[in-house]
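Taken verbatim from TrEMBL:
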type	residues	note
DOMAIN	11-138	domain 'C-type lectin'
DOMAIN	170-262	domain 'Ig-like'
DOMAIN	359-444	domain 'Ig-like'
DOMAIN	449-530	domain 'Ig-like'
DOMAIN	541-633	domain 'Ig-like'
DOMAIN	637-726	domain 'Ig-like'
DOMAIN	739-854	domain 'Fibronectin type-III'
DOMAIN	859-958	domain 'Fibronectin type-III'
DOMAIN	960-1063	domain 'Fibronectin type-III'
DOMAIN	1065-1160	domain 'Fibronectin type-III'
Amino acid sequence: MDGCPLGWEFFNAKCYMFVGNQKLIIEEADADCWHRGGALISISDVSEHQFVVSRLRILHTSDEYGVGDYFTSGSFYGGQLFWDSELDTSGRSYWVTNVPPPASSKFTRIAYVWGGSGLGGYGWNVVPSSRPASYICEMTLANAAFRRIEDRSVAYGMDPSDTQHVKRGPLITEEPKDIVVFPGTPSTFIECKAEGYPTYKWRRVSPNGEFQDVTSAMKSRYTLTGGRFTLQSPVETEDQGSYQCSAQNEFGVLVSKPGRITFGFLKSFSPVPPERATAKEFEGYRIACQAPSYYPEVRYSCGYLYFSDVQETDNKKYFCLVTLGVNELWQASTNQPPSAISLGVWLDVLKNNPDPIAPVIYTHTYPSPPIRGATIRIECIAYGTLPLIYTWRRKDGRPFEPGTTISDFSRVLTIPNAEISAEGDYECTVKGTKSITSKVIALTIESRPYFPFGIGDRIADPDKQITWRCKAVGRPMPTYTWFKDGELLQAVHGEIEIQKNVLVIRKVNENRDQGMYQCGASNLYGTTYSYGQLKVLRFAPSFARHPMADSVSIPEGGNFTIRCDVEGAPEPEVIWLKNGAPLGVVGGNLGGNIGMTVDFALVLSNIVQSDAGLYTCQATNSEGQVSSAIQVKVVVGIIMTRPPSDESVLINRTAFIYCQAGYNAQQFDVMYVWRLNGHVINVSLSDGHYRQEFRENQYGLYILNAQYEHAGYYECQAMTTIHSVRAGAMLRVYGPPGAPAGVYVFGPVDATSARLVWTIGSDVHHGSLINFYDVEAEMHLIRPNQWEVVMTDIPEQQAQLQASEMGFRQDQRTVLVDTLLPDISYRFRLRASNSYGKGQEASRPSISIKTDATAPLSAPTNIRGNDEGKVGTLNIQWDALDVSQYGSDNVGYNIYFKKKNDAKEFQHAKVAGGESKSYTHLVGLENYYLEYTVKIGAYNDKGSGPNSTETGVMSAEGMPLATVLMGDCNNYNGSAFSMAWNQVEDTREKLKGRLKGYRIRYYEKDVEDHVWWYDVYGQADSAIIIGLKDNTNYWASVQVMNYAGVGPQGEYRLAETFHLPPQQYPRHVKVFPHTQNSVRVTWQEIMTYYGEEMIQGYIIRVWKVQEDIRSARDVIVDVVSEAIVDGLQTKTVYVLRVLGFSIGGDGHLSPHVYFTVEGQAVPFDPTTTRFCFDHTTCRDSAIGHRASILTICVACVLNFIRRLWIRYA
């Protein structure tokens, strides 16, 4: 008796599946078995164990999946054995070592593991549940009987020609994210997206589960657009909460997972100064950071500052900086979160002279608890005498998870986007000067529920039972709820049963039960949904989608399966006939040489010549009856028991084509050769696109990352030493459509339009009918190889209808392109789109056509004047037409102009040449700087085109008439003087135009033949002339400027520069702490010499190290040798320079001094661009020298401040 679906093996009234081609963690493996209708295997007796071992030995010997562990449902802990949580008191055990694992073993899940041929092959052992492994599923025959119905696709029962147009319910493709709104956020949004052309609604979910619809009318701050809900100026008291999106179409409603909008905050550190910390020199120490209140989290690991080996120079004050942040599971409303800094902790270092100290390890893991999907950091910090060398490994020997990095001198291990498989023991080993110490960090990962395998759709028979199974992976273990069309589903006695994660509808009612179903899995980290659609069908049996072949040859001595893939609702009753007589086979009974599976396939075993004949599959239900027959011939040799069948795959996805031969395995071996369109496939040279493997225990070919060139006829040849057989099938690759063909221009072409005709081949749709076309054009004589879209989104139905109305072939399409330009030679090509997107390939170009010539269709643009024209002229400029806009030959421009508000007609002038861009007209000297109204049009030999809109253009300016009245000239410093003048009124009468600025002319006294000038733009009444000689007299005057030139020269005034500023810079600049936000700066005063002005004081110039000196703040003091600089931040390194000043100007700057408010200057090595703390020598910062503060705990703008403490999770 065998009632198992394809891919399952029958044994002792159960079905078994050995899944070795995908390795999963235990919860995912359990979910896979569950969604298939089974469960992980539970061993009930010795015969079942022997069956499993025998099957695993075959897999091991054939190397089908290789050596590996196979999960079961078993657990072993406390010295007791459990199967699927049920205690096993039988006393049976099949441990691979013949003894149970010790009670101290930290692993509890039982798997079959390879123990070597000397130990009988496979046996039990306990293994990590989070280490991906193969697994074994088992299923009862009762559940197997339902699989044929439960495995139906949404295309079940449809005409094959309609399967590309399957309409279905909404499918949510993007769930709302949890949003954290930081203070000051102007707006935020939460969004969901769904397929199926749905309408969206939003509702707010209260803590007690009640719902309130959210609409734009509720608040003026709310906007709902499609699936996006936008909140302007979020308000915590009004907007914080959970929001849920629903998507609805004609088939039902789905609700999203709730997305939370919450408001983050970061309070201030306590104002109470913390106690001083005391550490011994050359020993390890740590300081704790007492973080302020915050939500949801801050960026600073666990709040400890570590010293591996305390030094005398560590006797300082340390500050803890925290920044509000979110982890990968949240989305922040801003990228500028707030920060806070503590008052600081003084560290007192006590004298000590110990012997070398062995490493003492401290570890921390962040976040706590570790969450799937987050970036997990494991820190390993050792106290001890330097140098310290760190290494990492996984205790079970596995490699690190993909993407894992080790940083900060190997003290931090980071796992980005961590999966549960990252769980396990991580060993950190620290090697000191005289000893090695190790510590194991046990990483346990918790998880929001997720579905490795969804609940899928159900295509049900009326009045029949359906079962939906739902299993999510979650830690802690999730609880389950069921929904129909967005509403909580309630059990109805005798009709709808809900047992946790199993939904059973006893007798499906079309009116009551059709719709969209969801299974929600929840734990303390949130809720996740899996979606499915229930359709109820009723139709007579049909072989339309899976017709039987007319005949087949089967191998003598071999086995063969004749499939009967009939569809019908209710599910039909099937009988098999041979030569017109019933065979009397029963579904699931495979005991003889002829039997029938539960899915109606006829199985012939140990085939003999008498098995030849006409076999008929007859199917009957309440809606009708149908039969299909196949002529069976028995041949000696090899035949295809499962030949390739036509397959379809989405581009960039994976397809599998079966090819299983039947033959006398006692006499022959078989090998397979694959061909694509007649060419042998060399798998090793296929760039990874092909792989020959087994799937569901049958041989075949994987086509990985399928491309359109992989579509075609695949032929499989199975060969023994004396026999050969071939069979093939088509692989269709779905995706955006291919290129249309045969594009040509039909009929007459006028100045702006042409009719295009093209052909659509049957092979270009790529699995989805074309919806739209784009027309691209090339002006190949003036812009070769530049294709532009001239018509977009042409509906397929429109192009097809027009072609039909005009008498074109059924495979042809046509459209009138009416956006062309005249007198242009064009080539055209077409690009098609379907539901998968726009085609990557366009058609071949059409032959060239030329549109008719006509008068220009466009007017020139950007009409303007010319500031630099000659007085008495009107200078008009414009942007010339592009050559594509000429429309014909002999192009020129019509210029129309008149004075603004003049009642007279426009004056008219012509400018020849399409490239022309300007025109000048004499208007008379008296008409300087007057506004004229101008419009311009283009013309060619076919006529004049439209004019531009009227634009105001000013005539040219005259030379200014006004003379500038000078003020005083004064000494400014040793290289500059200042001067002032009376402003000239900016009027047409005085300036004969508009003010451009002022020109300053100056020269050294008694050197009149060497005049310099300097322009000041815009309205001004003073200027400073720099770059002069010290202690020198200059003559200076000012002239006004407009855009025509400069006005009359005014009177000259005498100016003088001071002696030089201080030529020495202050030396011995030192910085000392003063208060929390200020420092005391000292320096050695400077002396002035002959030729220098008397010193007046000093300037302390200070700025942040990450900024430019141009942002510096100056602190000005008298002639002193020290000063206080306040208003400083405690978390920043500053740069300071000191200079003296006098009336002669600023003196030279002292060298850079780097400092923080916590202490004195920070030395800097310009050869390495490194800062050297505590005046130690700048040298390599590897672990080999006596560095004390671990860099993973220290960061600032440039990651160099050992006195600031910033940690990042």
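Positions of Cβ are set from backbone N, Cα and C atoms, glycine also.
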DSSP-assigned states of the domain 'Fibronectin type-III' (859-958) in counts, ordered helix, strand, coil: 6 helix, 50 strand, 44 coil
Overall pLDDT for the domain 'Fibronectin type-III' (1065-1160), taken as the rounded mean: 90
Secondary structure composition of the domain 'Ig-like' (541-633) [DSSP: H/G/I, E/B, coil]: 3 helix, 48 strand, 42 coil
The domain 'Ig-like' (359-444), counted residue by residue under DSSP: helix, strand, coil: 3 helix, 45 strand, 38 coil
Counts by DSSP class (helix H/G/I, strand E/B, coil) across the domain 'Fibronectin type-III' (739-854): 10 helix, 48 strand, 58 coil
Secondary structure composition of the domain 'Ig-like' (449-530) [DSSP: H/G/I, E/B, coil]: 4 helix, 43 strand, 35 coil
